[in-house]
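Taking it in order: structure first as structure tokens, then the write-up.
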Amino acid sequence: MSQTSHDRLLIIDFGSQVTQLIARRLRELNVYCEIHPYQNVTMDFVREMAPRAVIFSGGPDSVTREGSPRAPQEIFDYGVPILGICYGQQTMMTQLGGRVESGHGTAEFGRAYVTPKGTLDILDGWFTDGREQVWMSHGDHVAEIAPGFEVYGTSPGAPFAITADTSRHFYAVQFHPEVHHTPNGAKLYENFVRLAGFKGDWTMGAYREEMIRTIREQVGDKKVICGLSGGVDSSVAAILIHEAIGDQLTCVFVDHGLLRKNEATEVVGMFRDNYNIQLIHADESDLFLGELDGQSDPETKRKIIGKLFIDVFQKHADTIEGAEFLAQGTLYPDVIESVSFSGGPSVTIKSHHNVGGLPEKMGLKLVEPLRELFKDEVRALGRELGLPQSFIGRHPFPGPGLAIRCPGEITREKLEILREADAIYIDQIRKHGLYDEIWQAFVAILPVRTVGVMGDGRTYDYACALRAVTSVDGMTADYYPFTHEFLGETATRIINEVKGINRCTYDITSKPPGTIEWE
């Protein structure tokens, strides 16, 4: 639980896949909130957190099932506004004396329209056209509202789509206001936090000052090591920590030989020259590429890179005397996902490359100044710290680097070809003003050679795939709809300017079923 001095809002998570979107909508309103799984929320926890308001999330379970998730019964006597969403509405009704039934032709999945029934303060700004589009996802439905509640909105499948007990400031909706498919959902959240009395003072300027104080109190006069990747998260974390403790921070930048064109030079230059941060540049490309020689299985490549990264980082970190802390760019979604809702195992899609085992292995304590932030908030904090937009807005880049954009065996020749092709592709995207519209774009060099003709000669070179996707959070993604003219112009440049490629393709696979990266 955060020690922030700001007003808090507690989101009790009943397992919805979009619970994080609730938190994001609230953060956009400058309201500090935390997500906690229902099984961890006791009244002692609630009293310690002292939230100004509570939201019950949706969830996949049925409140009609014996033993299904519930909120602490006493929370309804705690005296703060409560908003129940989908399953959250249903458990609120059940726990307060209403009744929920399963199915029977009233299930709703997808777009629906709610019509008003009376006026309600939380619906200020709604129903300007007589009805409101919302996103439904429910099999069960409220059959009888709890005592004290009244109906304020209905839909064909949910006669109690919006209900409220205004005397206790309890509100309950059957739909999901947090998703984009409920176009006016943000207004509902805005009304709720206003009625709850939030000041809207959760800003990155305030967070910066608060976190600097926290880092100084935590670290004292001890030294901190930070693994710098050159990405936005680790860079913002490093600059914030450096602002707090100055030369007590040393960054270790491990160059595994799998970076993009000129990336190592740019990262080292920015942090040494612009920010005067003590930096160890560990060029270990020969070691990494040597260990990867002959390896083609993607999981094997990831594991080799992950293990070597930890070994190399530790070797260089051991040269820093008196270091007691390790800084990491952990974000709030990482924190949420580490506390599993169900506690059950999940299928490993891909191994994640990080330094998760380092603190215990090195006997270091963690400094995680971004652990309360979402990605968009990290970028806002970066702007607050003076990082240029060209850096803050960079597309995500995987820890294993170009290794997972080079299916099959990795060679220095293929990496050089890939760097050049990727640089041209990104240059094309920037020239056409498309970079900020795209979540991630890159080139993958394919493990196949094709026959081509250049001039009067025959070529037998590699094919490459261009990849560009749009996404909100990387969990799902759609391919970017480039024009044929753009793709033709880009393919021509790559084939003409990069020796070793004679064919370009464009990957139009969405996620799911594909992943964003090729490996």
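Placement of Cβ uses the backbone N, Cα and C atoms for every residue, glycine included.
Features as listed in Swiss-Prot:
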DOMAIN    8-201  domain 'Glutamine amidotransferase type-1'
ACT_SITE  CYS86  active site, nucleophile
ACT_SITE  HIS176  active site
ACT_SITE  GLU178  active site
DOMAIN    202-394  domain 'GMPS ATP-PPase'
BINDING   SER229, GLY230, GLY231, VAL232, ASP233, SER234, SER235  ATP binding site
Inset, instruction - Compare the C-alpha of GLU178 (active site) with the C-alpha of each of the recorded positions CYS86, SER229, ASP233, SER234, and give the closest one. - result: CYS86
Legend entry - Pairwise CA distance, GLY231 (ATP binding site) versus CYS86 (active site, nucleophile), rounded so that it is a whole Å: 37
Legend entry - Which recorded positions sit within 10 Å of HIS176 (active site) - Cα, from CYS86, SER229, VAL232, ASP233, SER235: CYS86
Legend entry - Between CYS86 (active site, nucleophile) and SER235 (ATP binding site), the C-alpha gap once rounded to whole angstrom: 39
Legend entry - Rounded mean pLDDT for the residues that make up the domain 'GMPS ATP-PPase' (202-394): 85
Inset, instruction - Other Cβ atoms within 10 Å is the metric here; tell me which of the binding-site residues GLY230, GLY231 scores highest. - result: GLY230
Inset, instruction - Starting from the ATP site formed by SER229, GLY230, GLY231, VAL232, ASP233, SER234, SER235, give every other residue of that chain whose CB sits within 8 Å of the mean position of their CB atoms, in sequence order. - result: LEU228, VAL236, ALA237, GLY329
Inset, instruction - Based on DSSP, name the secondary structure state of SER235 (ATP binding site): helix, strand or coil. - result: helix
Inset, instruction - Please list residues from the chain of ASP233 (ATP binding site) whose Cβ is under 8 angstroms from its Cβ, counting only those at least six apart in sequence. - result: GLY329, LEU331, LEU370, LYS375, VAL378
Inset, instruction - Specify the count of other C-beta atoms within 10 Å of the C-beta of GLU178 (active site). - result: 26
Inset, instruction - Could you list the residues of the same chain, at least six apart in sequence, whose Cβ is under 8 A from the Cβ of SER234 (ATP binding site)? - result: CYS226, GLY227, LEU228, GLN328, GLY329
Legend entry - Neighbouring C-beta atoms (10 Å sphere around the C-beta of VAL232 (ATP binding site)): 23
Inset, instruction - Across all the protein chains here, work out how many other Cβ atoms are within 10 Å of the Cβ of CYS86 (active site, nucleophile). - result: 26
Inset, instruction - Work through the binding-site residues one by one (SER229, SER235) and point out the residue whose CB has the fewest other CB atoms within 10 angstroms. - result: SER229
Inset, instruction - Within 10 Å of the Cβ of HIS176 (active site), how many other Cβ atoms can you find? Include all protein chains, please. - result: 23
